[in-house]
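These notes concern the structure reproduced below.
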């Protein structure tokens, strides 16, 4: 058993031969109770990891085997591990060795906070510490800290959350896992028809009914904003490009702010009367502009999608 195995009892790694699981990543999220494991798990899930909460260590290997042998498109698994039970230390040591044999890259994230901060957090939610067992709150915290001491020393990433907000913790996680803070926001743009209801899940709603309606042009009526004749008609209309110029600038400013505030998904809706022509064309046009800025953008057409499903 190498040094890391001895420390988790101790979390070890060693080079192994290639296997179907080679290249798969496992992140173990652990640390002091009240230090922010749940918040960390949510942020890590936003980074594209498949997150499992309260995972017994001995179930990790079967789960990785299932994911890598079933052709799953999941390649990164984050598991919130509760290792307060001393038996779990032995389980975790054996599991890490087995994952190493499979060629899985494993890392341990340990979240910590000062005793004073942990006490304030527990008092604010009026819940007992899991190891308190009728004793003082500080006794439970000290017992857990002693139990996790070796694990913390051999963790790959240690974050003290004592003075961090949720947003700051998320930024720290990005830096620790990806090497940089969150700088991009994923954008989803969709079109809709006002006569079918205003969407309630959009961050921005643009009303483009001020543009001429292709519906009243006989040769365009049966087409949609995805068709070039309709798109050309809409975008060449007076005010269309000017509107897109202004809207693009406003959205770009907002996206920069969202990234700083740890908001990584933005939904923009374009509405016209029926959701077939103008809103579709304008959605596609804005998507093209934002992609040129290097943003990840997806586009959908609510009313057209409904029609296709019927």
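Along the chain as shown, residues are numbered 1 onward.
Cβ coordinates come from backbone N, Cα and C, glycine included.
The ATP binding site annotation in Swiss-Prot covers 31, 32, 33, 34, 35, 36, 37, 38, and the record cites sequence analysis as its basis. Per Swiss-Prot, the feature GTP binding site maps to 82, 83, 84, 85; the stated evidence is sequence analysis.
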Whole-number Å value for how far residue 82 (GTP binding site) lies from residue 31 (ATP binding site) (Cα to Cα): 8
Largest tally of Cβ atoms lying within 10 Å of a Cβ, found at which of the binding-site residues 31, 34: 31
Close in space, distant in sequence - residue 37 (ATP binding site), Cβ under 8 Å, 6 or more apart: 29, 30, 31, 80, 111
Site with most surrounding Cβ atoms, counting all protein chains shown within 10 Å, from the binding-site residues 33, 38: 33
Nearest-integer angstrom distance between the alpha carbons (Cα) of residue 36 (ATP binding site) and residue 82 (GTP binding site): 13
Integer Å distance between the CA atoms belonging to residue 82 (GTP binding site) and residue 34 (ATP binding site): 12
Secondary-structure category, per DSSP, in which residue 33 (ATP binding site) falls: coil
Spatial neighbours of residue 35 (ATP binding site) that are distant in sequence (at least 6 apart) but have CB under 8 A: 111, 112, 113, 118, 161
Rounded inter-Cα distance in Å - residue 82 (GTP binding site), residue 33 (ATP binding site): 9
Among 32, 36, 82, the one of these binding-site residues whose Cβ has the fewest neighbouring Cβ atoms within 10 Å: 82
